[in-house]
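Taking it in order: structure first as structure tokens, then the write-up.
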Amino acid sequence: MNSKFIVIEGLEGAGKTTAREAVVSELQRHGINDIIFTREPGGTPLAEKLRELIKQGVEGERVTDSAELLMLYAARVQLVENVIKPALARGAWVVGDRHDLSSQAYQGGGRGMDAGLMNSLKQAVLGDFAPDLTLYLDVTPQIGLQRARARGELDRIEQESLNFFTRTRERYLALASADSRIKTVDATRPLEQVTAALQQTLTQWLQEQR
């Protein structure tokens, strides 16, 4: 089977780290062992510096929505061109913590940025490049933020309003319903049930790829 790019998406507190472990375990069970991990924003030296700016901001200066969006795409193109595409070319599988769907949901939905701008930027930066499979972990903003707060101090984006995350989730769900490559998993359930659902979804998808 050819190498694939699998992305895990969801709101803060959706359980992406646990999901990654479940995905890797299932891939290994199917004999896939050459796997690399990526995260967005980040994943290269430049992208990691941009991650810090995006998540923490700069003291005394407001980060505009447009600046945030452009930094995200700058980090993304560095990761895609310098890490993800080379890994796929050599036959490795890539499991990513977030990708472009996050921008479509957070900036397009949460921030309410212009859809035309979002699509133009996506096309200019990524072209036709897209994940082979996206696993969207769906949680309500209330549950997600409760889990995120339990982890400790919140970053700049995690401190956004409940309405922001409600809009973000609505955009996630709308995008998922319109794209068969995005599989939605109910992540409000107990961990064991979420893990089982992820593994079942991934197994079925892998069988379809053969």
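From the backbone N, Cα and C atoms, a Cβ is placed for every residue, glycine too.
As annotated by Swiss-Prot, ATP binding site applies to Gly10, Leu11, Glu12, Gly13, Ala14, Gly15, Lys16, Thr17, with the evidence given as sequence analysis.
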Specify the count of other C-beta atoms within 10 Å of the C-beta of Leu11 (ATP binding site).
29
Candidate with sparsest Cβ neighbourhood (10 Å radius) among Gly10, Gly13, the listed binding-site residues:
Gly13
Coarse DSSP state, helix versus strand versus coil, of Ala14 (ATP binding site):
coil
Other than Gly10, Leu11, Glu12, Gly13, Ala14, Gly15, Lys16, Thr17, which residues of the chain come within 8 Å of the ATP site, judged by Cβ distance to the Cβ centroid of those residues?
Ala19, Leu137, Val139, Gly144, Arg147, Ala148, Ala187
Cβ-Cβ distance under 8 Å, sequence separation of 6 or more, same chain as Lys16 (ATP binding site); the residues meeting this, in order, are Ile8, Glu9, Gly10, Asp97, Arg98, Leu137
Using Cβ atoms only, which residues of the same chain lie under 8 Å from Gly15 (ATP binding site) while being at least 6 residues apart in sequence?
Leu137, Val139, Arg147, Ala187, Leu191, Val194
